[in-house]
């Protein structure tokens, strides 16, 4: 009985995994096709990768995307860590309302975030482009950083901090020598998550970009509308490999640090 | 206590500028018409025009179906995963596709579903004939469910992982069949995960807008598509904001019904 | 802490490197200097060889920048900051730019090659004496059909689109004015109507079309029509020509009862820095051999009668792309409508899309 059910479950799981990975593998395979469509394979070729590397617009956009992601997640990590420290120090009602406000952007649909930011930037007169996209990415990445850092702060024993003060450490010394090293892994995890959020975002960027500034998601959207272009397949293969490496290295680092759950739990708030 | 004053400034600024201000602005904007005059007509239009109401009902219905399909696929997946030896590794494999850009996955489905695409080639190969796959409700819901599956598997997996195995053993010792154990022990205990999953999937499904165009061929208009169209195409921000406010209200209703299981901190 | 700090610095350095990379990439694509002519045009809308030729002849360096919609181009010109010397707006945008005083009047004495433009394309109502604009290319809105799925005489007129036979077989272009133009022409109304009642009637008529509509798409229509995803597509002549060059079962029809005709035009913005060069460039593009070469490359219909004589007969005699005089008389251009009226078009169109099928 037990064995029988296990077999069925294996088949079911295999089926789910096939569905999950079929589109990705499909993209990867056709990126090596010498043909021009995703209809039939025309023999192995690196042609589309060559096209990709020769496409200066695409390379500029990749640079833009990385720049926004690195910078936005850096600033979001700083502000988010400070926010986590502030939340940690607050009490009762304050703490609860801070947490709820923190989570508003986590649960809001991207369309709402994008539309409301668009109104906000228009009211302020911020020119749509690099700056508006950067600000939005910082804004929607901050709550995730807070959620990653806060548990680490909660683990930190208050006696340790008190001991530092008792030994005559200044506020700055306590922060840099005691608190930050202790919550370091949380900060790193926060940065990593903010980075992937930023790279992955389409909807918010779509609303707040303008004046010719574009990120990868937005560019893929407009190119996908012009039809199948195997250069996009080549690009997605490269991106798949990069994400694979990122996730695997993160998985091992976090496992090494004894926090295997982290990566997994945090994806929860990110449906679309 | 000691650091609060200094540290809270940038964070508080963020809360005021990027959380409170945009929400207030979207509410404010919903009271203006396309000419910039103050009006409540947007809400009247929404409530009286059958087109908008029908669109909302259809949008909720699609979101419900997408959530249901996702749940039906995800629950058994999580249930099987939990019994595997390297379950964390397998779970990671389920989540890995979420790191691939959403647009790329959608783009892949355009190729898979097209008239001469791989799926039709396969169907012809097994002599089922070629079918219209793109621009159908089924393909739209399939792609939406595909994207949401990992977000449903995750919380269910976490809830199942937390069930104390001694409870299941106790149930078996007391003579319950496998089905009885599932129904009266496992299912109720995994319910918080199911609720969290529904919450994580339903709201985004209501506000999908890119897939409706690329896969649905603009035949399916959700609340999200309507907002996007009003903001970026018709430039009628007032009406767009009105639908946005409705969507926010819908979000609170869903969160109220499914309970506030989002507070992950507690369950870790 | 050291680790955090080094990570912080590392990321900053990486950002700096990327920013430098970004800057140099931009420098490569847009030069600078006084001997430069900046052309702002639609993507892939000129033969690059002609730019080379012009640079060679005139000694100017040409910066070629592109936009993808009249609206985004207009926003950029309005915002200032950039100095474009030659821009290529469509006719209704010429009208708007004129209204907003964004255009420099043209001195026809500096454009001797204007004589090669077919008079029927001059003095159109969007710029009655061509005081501000010179036609570049023109085209129509029409019906593309796949002869494997349907016969040409089944879709020769707009009203035939409503035929139940075409159930779930039509692709519409995702553009409010174009789709309403179809309904308005079917009902014998102007494509520039501002009457809410007429628009509402048009919308009601469109709602009856919904069972036949397979999808409402934009650029992707090309791909789908080429693949035979639908029997009929409503699109522009230029896109139609591209589809037909890939799939030989596709044909293009402009219904005799009328349709939209559009013009893209060369204009000089008021803020242009190199007007001298701009005149030279426009005159260069009007030269028949250059116009013909450009038409061969781009694939749209040229308003240059002399250039037309140099094109292959097969192209110029194609009635679909150069409709007979009888049809031409019924073609209408879009006028620049007020924001409010455009809002009505767009809202009604969105409602049509929401209409549950």
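Numbering starts at 1 and runs along the chain as displayed.
Cβ coordinates come from backbone N, Cα and C, glycine included.
Checking TrEMBL for transmembrane segment across the ranges A:99-124, A:151-176 points to A:99-124.
Looking at A:38-57, A:178-197, the range annotated in TrEMBL as transmembrane segment turns out to be A:178-197. Highest Cβ contact count with the transmembrane segment (A:130-150) among the listed stretches A:99-124, A:178-197, A:234-253 falls to A:178-197 (criterion: pairs under 8 Å). Scored by C-beta pairs under 8 angstroms, the transmembrane segment (A:58-87) has its highest count with A:178-197, from the stretches A:12-32, A:99-124, A:178-197, A:234-253. Outside the transmembrane segment (A:234-253), and at least 6 residues removed from its termini, the chain residues within Cβ reach (under 8 Å) are 24, 27-28, 31, 48-49, 51-52, 58, 192, 196, 216, 220, 260, 263.
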